[in-house]
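Have a look at the structure below before the remarks.
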Amino acid sequence: MGESLWTYYFGVLVLACKVNATVLESIYWNTTNTKFVHGQGLVLYPQIGDKMDIVCPRVEGGSMDGVEYYKLYMVPREQLDSCTVTKADTPLLNCVKPDQDVKFTLKFQEFSPNLWGLEFFRGKDYYIISTSNGTMEGLENQEGGVCKTKSMKIVMKVGQRGSQNEGETGDGGSGGKSSSVIGSEVALFAGVASACVIAVAVVAMLVVLLLKHRRRHGKHSPPHTTTLSLGSLATPKRGGGNNNGSEPSDIIIPLRTADSVFCPHYEKVSGDYGHPVYIVQEMPPQSPANIYYKV
């Protein structure tokens, strides 16, 4: 039963993650993409948890006609406006293999387990540009390029909601805004619900373990004291004599039994009904182990 519960909780968490991770429409980085609006570029509104692919241009059939080569960079706002990069900037994506499928996946997450992974924060803007001109010779350009001539640049407003006019620019070019906001809200609710379920399960497991612990210790009951009766302690003295080895007056009562249990306290028994019998109070063990009184 425990394994099935943990499987259920794990499934809830996986479902919550899937709801939260909305896969946005891929961005094809080539000059024929009409989503790049002149003077503005492509404006997106991704949410935390979303994913998006930037796909390099590819030629089909081995023909090298119309091949485009680019280097993409993530830059600050100033370099976006001036369409410039520096030697210190690291390329985000190298589109230099037109005969292969090359892409870069952006995962909008606030924390990346990868040392070199990208991290995004709600309410901030991020920018991607390319200063290449599309040819192999202009691959290393640090100024202008398609960023200036074709407005091939991306503005990503993470965790924000754009206006209706911005969402309709560029032939539907927000290209992935879709319902990611709704998905994030649903994911938040699912995450809170799954956390509550896990907390209740942990408390229930602790209660079950506590009950098992008590039952286990309850089985070891305290030892019961042996109840000794006068009939079991009073043993006729057997020996030689004219009474065939038995006299009613010869009653021997041990002060301590063989299992080292002392006799409980008894009052003196009256001799109105025969010979008096004396039962002594319990006393510490002495040597020899068994001491007998004849009455």
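Every residue, even glycine, has its Cβ placed from backbone N, Cα and C.
Bear in mind that TrEMBL entries carry predicted annotations, made automatically and left uncurated.
Among the features that TrEMBL reports, signal peptide is placed at 1-21.
The DSSP secondary structure for Cys147 (disulfide bond) is helix. In sequence order, Cys83, Ile129, Ser130, Thr131, Lys153 make up the list of same-chain residues 6 or more apart from Cys147 (disulfide bond) whose Cβ falls under 8 Å from its Cβ. Annotated disulfide bond per TrEMBL: Cys83-Cys147, in sequence order.
Feature annotation from TrEMBL assigns region 'Disordered' to 158-177 (among others).
Annotated transmembrane segment per TrEMBL: 186-211, in sequence order.
According to TrEMBL, the feature region 'Disordered' maps to 216-250 (among others).
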Protein Cβ atoms within 10 Å of Cys83 (disulfide bond), excluding its own: 22
